[in-house]
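**Q** Below are the features I grabbed from TrEMBL:
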- 27-49: transmembrane segment (TRANSMEM)
- 42-293: domain 'G-protein coupled receptors family 1 profile' (DOMAIN)
- 61-79: transmembrane segment (TRANSMEM)
- 99-121: transmembrane segment (TRANSMEM)
- 133-158: transmembrane segment (TRANSMEM)
- 197-222: transmembrane segment (TRANSMEM)
- 243-266: transmembrane segment (TRANSMEM)
- 272-295: transmembrane segment (TRANSMEM)
Amino acid sequence: MPFSNSSELGPSFLLASIPGLEAAQGWLAIPLCSAYVLAVLANGAVLLVVRAEPGLHAPMYCFLCMLAAIDLALATATVPRVLSFYWFGSREISFPACLLQMFLIHALSAVESAVLLAMAVDRYVAICHPLRHAAVLTCGATAKIGLLAVARGVLFFLPLPLLLLPLPFCGSRVLSHSFCLHQDVMNLACANTTPSVVYGLTAILLVMGLDAVLICLSYLLILKAVLRLAAWRERLKVFSTCIAHICVVLAFYVPLIGLSVVHRFGKDLAPLVHIVMGNIYILVPAVLNPIIYGVRTKQIRRRILSLI
């Protein structure tokens, strides 16, 4: 029977449990909670260190602060709800709450992708046009880039929940993940979802896809400039300034691509694969990003060690 998605304020969907391990979910939530706590502490430490250290008040570290804030928001929008399910059995999630969570996940991912692109452009200008770096990437320009990234994420992904709002839902109410994603919710609708499919794919390609292409182009230009240097030691020294950003880009795009592939072509895969890939997509960047920059940046590493 169809169930209401607009007139009811009660539960509408069921979050996915770990198949065959329902009785042990309370214990399995401990590493998930540990990873979330680590992400909160690490990203919070980066925000505090960059704010307190005058030498880090530069565009690259302003972007790093944006990245930390986005990771905190993305993890907080999903993990506490998952933990409440694993520990307290609160499996049902209302339709409005599901749409809000879905919008936050996709919009924040789009903002993070834009910030990663801005960081790639920052590296390109710093290496290929060092004399113009301070003039091009000022504090004002950095703030405008952050606002544009947020506006783009909201404008592109706000239509996703609006397209799902009028659809009727029937049959199974069980999601594939422990949180709400657009394609996951859309697959439960018992109506024509072609507009949602087309718009969702278009938004992903125009936002994350285009950002990935521009990031690759930036690094091709950087590599071209680095190879012009005569000494290998100088080449390695210059390119080493990009290592942290490359690792952060991989930590974001590899889980994103993996989750997209699982959704598009993994219908016959075990449900556990969907759950694990979803958790990796949410938590891996939030945990790894501050660790990568903490290891690669002496000022951040020293300040964090002094705080500890």
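Using the three backbone atoms N, Cα and C, a Cβ is placed for every residue, glycine included.
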**Q** Quickly jot the same-chain residues contacting the transmembrane segment (61-79) by Cβ under 8 Å, restricted to those at least six beyond its ends, or write none.
**A** 32-33, 36, 39-40, 43-44, 46-47, 50-51, 101, 104-105, 108-109, 111-112, 115-116, 118-119, 122, 139, 142-143, 145-146, 149, 178-179, 248, 282-283, 285-286, 289-290, 293
**Q** Do the transmembrane segment (27-49) and the transmembrane segment (197-222) come together with 3 or more C-beta pairs under 8 Å, pairs six or more apart in sequence?
**A** no
**Q** Same chain only, please: residues at least 6 beyond the ends of the transmembrane segment (243-266) with a C-beta under 8 Å from a C-beta of the stretch. Say none if there are none.
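**A** Here the qualifying positions are 67, 109, 112-113, 116, 119-120, 123, 181, 183-184, 204, 208, 212, 215, 219, 273-274, 277-278, 280-281, 284-285, 288-289, 292-293, 295-297.
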**Q** Among 99-121, 197-222, 272-295, which stretch has the most Cβ pairs under 8 Å to the transmembrane segment (133-158)?
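**A** Between the stretches 99-121, 197-222, 272-295, 99-121 has the largest tally.
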**Q** Please give the sequence-distant neighbours of the transmembrane segment (99-121): residues at least 6 beyond its ends with Cβ less than 8 Å from one of its Cβ atoms.
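**A** For the transmembrane segment (99-121), the list is 60, 63-64, 66-67, 70-71, 73-74, 77-78, 81, 93, 142, 145-146, 148-150, 152-154, 156-158, 160-161, 164-165, 179-182, 185, 203, 207-208, 211-212, 214-215, 218-219, 245, 248-249, 252, 256, 282, 285.
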**Q** Mean pLDDT across the domain 'G-protein coupled receptors family 1 profile' (42-293), rounded to an integer, is what?
**A** 88
